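Some notes on the structure that comes next.
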Amino acid sequence: MKMKLTRENIIRWAPALVLLGLVVLFAAINPAFLSQRNLARIALASTPPMMVALGVTFIIVMGSIDLSMEGAVSLCAVLFCLMFLKLGGSLGAGAWLAIPAILLCGAFFGWLTGMVHVRLQIPSFMASLAMGFVGTGAAVLVTGGDIVRIDDDVFRALLTWRILGFPLMVHIAALLVLLAWFIQNHTTLGRNFYAVGGGEELAHASGVNVHRVRLAGFALAGVFYAVAAIFQVARLGQAESVTGANLMFVAITSVVVGGVALWGGIGGVLNAVVGVLIVNVIGNGMVVIGLPNYLQDGLLGVLVIVAVVLSTDRRLVSFAK
Amino acid sequence: MTMQRFKPHLPWITLLVLTAVVGVVDPNFLRPANLLSLAGDIVPLFIMALGLTFAIYIGGIDLSVQSMANMITVIASIYLASLGAWVAVLCIAAGFGLGMLSGFLTTRLFVPSFISTLAVGGVCFSVAQWLSGNRALNMDAEQRNATFGWMIGHTGIIPNELFLGAALLAICLFIERRTILGRVLKAVGAGEPAAKASGINVGRYKMLAFAISGALAAMAGLLFSVKLSGGAPTIANGFLLPAIVAVLIGGTPLTGGVGGVLNTLIGTLIVAVIRASMLYLGIEATQQQMLFGLVLIAAIALTIDRSKLRTVK
């Protein structure tokens, strides 16, 4: 098939080209950027945001948005730590139960966000923003503002045990990317996300239970936020009410920069992966070439605007709220 | 009386009931001095919510207000020494300009306002970190008192912040009720396609609404930094939630078109009374954010005009 230089093709390949360009640029300025140690550092830093981005991708594909991840991750992280300590404080001693438990908690929190959005008929950006505040508030409430630490060597192996030079959690994250890709492409639920995102009324008319799909989407996202919380705890060895801070901005930016359209129906898991890598390559690259990394947020802000503008079909949109 | 006619009166009734409840529990709460100092403390939040009202009034949102205020506290702390009172002009111009930028992105480039303002907020956060070198900054106390001391003193028993808040409220009320801008914003909030069809340059007025929001967020940041005599890139974190709550609980729904700045005054007072009541009723401060989150959900659910949303995304 001959590739034509149409708008669709440019949009499809732009994120990958941007990622490639950035890697070449940083490597040219400082070859140490491509050293194995630095690549492992990028992969490690990408892992928690990657999980959050995967979760929110499903929701953006449906044409909704989820801004609750900071609260969800913080709450899951502190609950996970507290449960882990209560169950013996060591993976071998029964504390492994905390992992499935926290995945359920994440699913429940996501489902609750979905309920606020679907049942109370509140636009998702506001429903999820409010639920995010509730989540952070609940995390403050259960910890009383304190930090909860975990020093279990078995659990921290997620960070310390390296296979092929990369920490264990990076490998697990890669498997979860595959799982998310499978859900998206090979399950009814995954196809229904696209049906709802492509046109809600059409999906409804063809017999899709739109409300149930939305609820399932938010619950699924919640599970991925819970995984992000576990990785965050493994990386830092502790949890507090600000464990999820800044994940919202990073995750939304990643997904959008990766080429998932805010209007729904376009893009998917692989775009999110590219997006997260772009964001983290920028963050890491700036430090490697000697720029202060606090310029990152500003640059991301500019990038996300460019990405949204590029992906907007101006013939179809008459105004934005 | 039907629910539809009852709805507009709900905010001030809520305020009165809440005040009465707290007053019964602890009569000290109702002492004028206490009420005045309570009102004085909430003025920075009120100014921010006042600006946010304009963004929500047209059916948009401004998520950059908190980052904006953060950035302004840094700018004010740094440039007070060299610019003197002119630093206020710099701050407000920066807020106005960045708000205008959000408006431009939303109206001309069709980026939804929650994303465009989130992005502009990211830019503000970067600027704040860059200017401050990621440290907390202090103002020279003497110079602060000489330049902006009038903002935070007392006249009799009345905190001066209240005069500032009242003046800004009067200006906003004038804009809303007595100018073309105000009428157009109402038209846009009530139904944007219709406003456009009747020949109004909708984009220009919407940009102005976001610019006002930015300028007032900057004003809030300036007052906050003067009160604290310093600034830092995250010092105003925790403003966004109560500001949104104040606007929505006051009766300006997320869908826009109704409500207005007077509603935000009532909404802010409700926030102040809720905060104070937690203290009087012995509820711990750690529960505050969770409570406000739930109040927010309730306020949106009660005020939102569902007939304007064909599909809820």
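A Cβ is built for glycine as well, from the same backbone N, Cα and C atoms used for every other residue.
The transmembrane segment annotation in TrEMBL covers A:55-85 (among others).
The transmembrane segment annotation in TrEMBL covers A:97-116 (among others). Long-range neighbours of the transmembrane segment (A:97-116) within the same chain, counting only residues 6 or more positions beyond its ends whose Cβ lies under 8 Å from a Cβ of the stretch, are 55, 66, 68, 72, 75-76, 79-80, 83-84, 87, 122, 127-128, 130-131, 135, 214-227, 229-230.
Residues 59, 64-72, 74-75, 77-79, 82, 109, 112-113, 116, 240-241, 243-244, 248 of the same chain, all 6+ positions outside the transmembrane segment (A:122-142), place their C-beta atoms under 8 angstroms from a C-beta of that stretch. Sequence annotations record features per position, and here TrEMBL assigns transmembrane segment to A:122-142 (among others).
Distant neighbours of the transmembrane segment (A:163-183): 36-37, 40, 43-44, 46-47, 50-51, 54, 57-58, 157, 189-190, 220, 224, 227, 231, 234-235, 268-270, 273; these residues of the same chain sit at least 6 beyond its ends, with a Cβ under 8 Å from one of its Cβ atoms. According to TrEMBL, the transmembrane segment annotation covers A:163-183 (among others).
Long-range contacts of the transmembrane segment (A:215-234) within the same chain, counting only residues at least 6 positions beyond its ends with a Cβ under 8 Å from a Cβ of the stretch, are 47-52, 54-56, 58-59, 62, 64, 66, 69, 72-77, 80-81, 99, 102-103, 105-111, 113-115, 117-118, 150, 155-156, 158-159, 169, 173, 176, 180, 183, 189, 193, 243-244, 247. The transmembrane segment annotation in TrEMBL covers A:215-234 (among others).
Remote same-chain residues near the transmembrane segment (A:246-266) are listed as 11-12, 14-15, 18, 48-49, 52-53, 56-57, 60-65, 67, 69-70, 73, 132, 194, 196-199, 228, 272-276, 278-279, 297, 300-301, 303-304, 307-308, 311-312, 317 (criterion: CB distance under 8 Å, separation of at least six residues from the stretch ends). As annotated by TrEMBL, transmembrane segment applies to A:246-266 (among others).
Long-range contacts of the transmembrane segment (A:272-291) within the same chain: residues 15-16, 18-19, 22-23, 25-26, 29-30, 32-33, 38, 41-42, 45-46, 49-50, 53-54, 56-57, 177, 250-251, 253-260, 299-300, 303, each at least 6 residues beyond the stretch ends and with a Cβ under 8 Å from a Cβ of the stretch. The transmembrane segment feature in TrEMBL is assigned to A:272-291 (among others).
Annotation comment: TrEMBL describes A:298-317 (among others) as transmembrane segment. Cβ atoms under 8 Å from those of the transmembrane segment (A:298-317) belong to residues 10-11, 14, 249-250, 252-253, 256-257, 259, 261-263, 266, 278-279, 282 of the same chain, restricted to positions at least 6 beyond its ends.
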